[in-house]
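Sequence annotations record features per position, and here Swiss-Prot assigns active site, proton donor to ASP299. Positions annotated as [4Fe-4S] cluster binding site by Swiss-Prot: ASP36. What Swiss-Prot lists as substrate binding site is GLY434, MET435, and the listing cites sequence analysis.
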Amino acid sequence: MKLAYWMYAGPAHIGTLRVASSFKNVHAIMHAPLGDDYFNVMRSMLERERDFTPVTASIVDRHVLARGSQEKVVDNITKKDKQEHPDLIVLTPTCTSSILQEDLQNFVNRASMSSDSDVILADVNHYRVNELQAADRTLEQVVRYYLEKAHRQEKLNLSLTDKPSANIIGIFTLGFHNQHDCRELKRLLQDLGIMINQIIPEGGFVENLHELPKAWFNLVPYREVGLMTALYLEKEFGMPYISTTPMGIVDIANCIRQIQKQVNIWSPILLGKKFDFEPYIDEQTRFISQAAWFSRSIDCQNLTGKKAVVFGDATHAASITKILACEMGIRVSCTGTYCKHDEEWFREQVQNFCDEILITDDHTEVGDMIARIEPSAIFGTQMERHIGKRLDIPCGVISSPVHIQNFPLGYRPFLGYEGTNQIADLVYNSFTLGMEDHLLEIFGGHDTKEVITKSLSTDTDLTWNSESQLELNKIPGFVRGKIKRNTEKFARQNNITKITVEVMYAAKEDLSA
């Protein structure tokens, strides 16, 4: 457990609730004190949905602490069973209520006896995993539960569909542009002549999970959620899975070639033919997607060699790093992720595309790294957007966690060929172009009386006299912050507290030496 005013990945119960509320006709009971029950408000605010969030808080109060939780939890489960008639009720504690060390599995067993719905306890260690790991585990638990139930009831149908088909695993509520990505993936698979068997958990019914093994393969677009489910299905039913994220021209082509390889295992036997997707890749890359053309244009060449910093979840940070370095010629000075549990995979993906790698879930480390590198643009989460505003560095948001402006009403996928256009726009518009800042200052676009200091520290031990301040204001805006910082660094090294014009020139000479 960690006390912080900003966390990249939330507590474990949020991940469980995100998965439960993504399914249709599934209700979640959260055994929690007041204060932990903010999920309903958060989801209602951020997701563009008309349905109520199917989550009920079973509040731990003084009466519960005095008498125990069993009666209240069981009553809440049976009440929701009668009111909502869900297919499944998921009970989850929070990290706070886990301190009580109650036998919640016993509560679930008791409630199951008087409920028509299936009732399960989310099998998650709330002290060891974060939101994303818990979501991955909960999805796998629900899929396993219903496939084992179907096996016991002899309802499991293992015969493949007549035409090539896929399950898309890992699209769920509050995901970064997940709804748009889902539409783009459906369009991509449709273009390839592949049917969608199931999409889980978003919009799926748990009663249909027994049909998952009918698909020819599973597609897992995000590493954070869905990989455990895909591994389980591979182990139990021999279902192949593809976990290459189709983001960026290169990885989309790789993903489609992997799909072709999987489809061609069965198509000669069941359909009497083989598929060739190379003409589709060629047409989309050259004529449909604008990104490949844009990367060769003079506009994109203006970005060559510019420095960028990337930070986000493992999937998006790795993909954006490769797009910037390989497809747009932008130098990635540092790339990082807050998914510490996926560090090995992340390092393997990005090691040849950036100068340094940062694995941390501490936003202050990220802020200090950005202040040190002084990139031309940042590509990160909502927190990097805040850091960018403080440092006067533009930021494009490419990963969760995000706020309301990154749940757009318009169509904004990051995956697929349309996603390449969106990413190219985002990257190009995030950089300050040419002499834009300087021209704005010349023509009075900005108030130039005060100098913007790019620093996250709150040190106030240095003072600038009026002459040095005037000299600093004469320097063009796009290099002024750097000169100010270098001068202050020189002053501290030489124990100078008052900065004059002479100190500025001495700092310049020292730097040039």
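Glycine too: its Cβ is placed from the backbone N, Cα and C atoms.
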Separation of alpha carbons, ASP36 ([4Fe-4S] cluster binding site) and ASP299 (active site, proton donor) (Å): 48
DSSP-derived class (H/G/I helix, E/B strand, else coil) of ASP36 ([4Fe-4S] cluster binding site): coil
DSSP state at ASP299 (active site, proton donor), helix/strand/coil: helix
